[in-house]
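A.B. asks: Pasting a structure below so you can have a look.
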Amino acid sequence: MESHLNEQQISDFRDAFSLFDKNNDGCISREELATVLTRLGMAPSQEDLQDMIVAVDEDGNGTIEFDEFLAIMKKKLYENDKGDDEEELRKAFRIFDKDDNGFISRNELSMVMASLGEEMTEDEIDDMMKAADSNNDGQVDYEEFKRVMMSTWNITEIFKPHVTIWRYKP
């Protein structure tokens, strides 16, 4: 089993961490965790959120720092084989890639999020694009999309066992 993450993996996990760390203070609070999970379509209770924090919070300070986040992501990365998810990812990418040019534009992202009932501000759309567009070309290719989605799946898999009931928003 691989025991070290490469620089790209660490960078990807730092990007994922920053999506949660809304105030950029270097830690994920219960409120920040709730915000992101709600955007992912989940509605965990306050008790569920506390259980999630406790499961990852090694130093017991009530928040998740990057080193704690990285340790659990590394563990999950090597526990899970995501090979079966490749076709699902390609299908999801095609849903976003409305003009079928191999890229997701900001406009396509905005349209799909709106069609899913996600009311997002222009700044939130910009933040999503910035987080996904690692080569800064103004669009998201399949590999960038896959990186973000795999990080999201790993994150939800980490927290799922600690939630008593996942309530998905209609």
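A Cβ is built for glycine as well, from the same backbone N, Cα and C atoms used for every other residue.
Summarising the annotation, Swiss-Prot assigns domain 'EF-hand 1' to 8-43. Swiss-Prot lists Asp21, Asn23, Asp25, Cys27, Glu32 with the feature Ca(2+) 1 binding site, giving sequence analysis as the kind of evidence. The domain 'EF-hand 2' annotation in Swiss-Prot covers 44-79 and is backed by sequence analysis. What Swiss-Prot records for Asp57, Asp59, Asn61, Thr63, Glu68 is Ca(2+) 2 binding site. Annotation source Swiss-Prot lists domain 'EF-hand 3' at 84-119, citing sequence analysis. Annotation comment: Swiss-Prot describes Asp97, Asp99, Asn101, Glu108 as Ca(2+) 3 binding site. If you look up Swiss-Prot, you'll see 120-155 marked as domain 'EF-hand 4', on the strength of sequence analysis. Taken from Swiss-Prot, the feature Ca(2+) 4 binding site covers Asp133, Asn135, Asp137, Gln139, Glu144.
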A.B. asks: In whole Å, how far is Asp133 (Ca(2+) 4 binding site) from Asn23 (Ca(2+) 1 binding site) when you measure between their Cα atoms?
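C.D. replies: Rounded to a whole number, the Cα-Cα distance is 21 Å.
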A.B. asks: Return the count of C-beta atoms lying within 10 angstroms of the C-beta of Glu68 (Ca(2+) 2 binding site), excluding that atom itself.
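C.D. replies: Glu68 (Ca(2+) 2 binding site) is surrounded by 19 other Cβ atoms within 10 Å.
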A.B. asks: Measure from the Cβ of Asn101 (Ca(2+) 3 binding site) and count the other Cβ atoms within 10 Å, all protein chains considered.
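C.D. replies: Within a 10 Å radius of the Cβ of Asn101 (Ca(2+) 3 binding site) lie 10 other Cβ atoms.
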A.B. asks: Within the same chain, and leaving aside Asp133, Asn135, Asp137, Gln139, Glu144, name every residue whose CB is within 8 angstroms of the centroid of the CB atoms belonging to the recorded Ca(2+) 4 site, in sequence order.
C.D. replies: Phe103, Ala132, Ser134, Asn136, Gly138, Val140, Asp141
A.B. asks: Cβ within 8 Å of the Ca(2+) 3 site's Cβ centroid: which residues qualify beyond Asp97, Asp99, Asn101, Glu108?
C.D. replies: Phe96, Lys98, Asp100, Gly102, Phe103, Ile104, Ser105
A.B. asks: Just to be sure I understand the packing, how many Cβ atoms besides its own are within 10 Å of the Cβ of Glu144 (Ca(2+) 4 binding site)?
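C.D. replies: The Cβ of Glu144 (Ca(2+) 4 binding site) has 19 Cβ neighbours within 10 Å.
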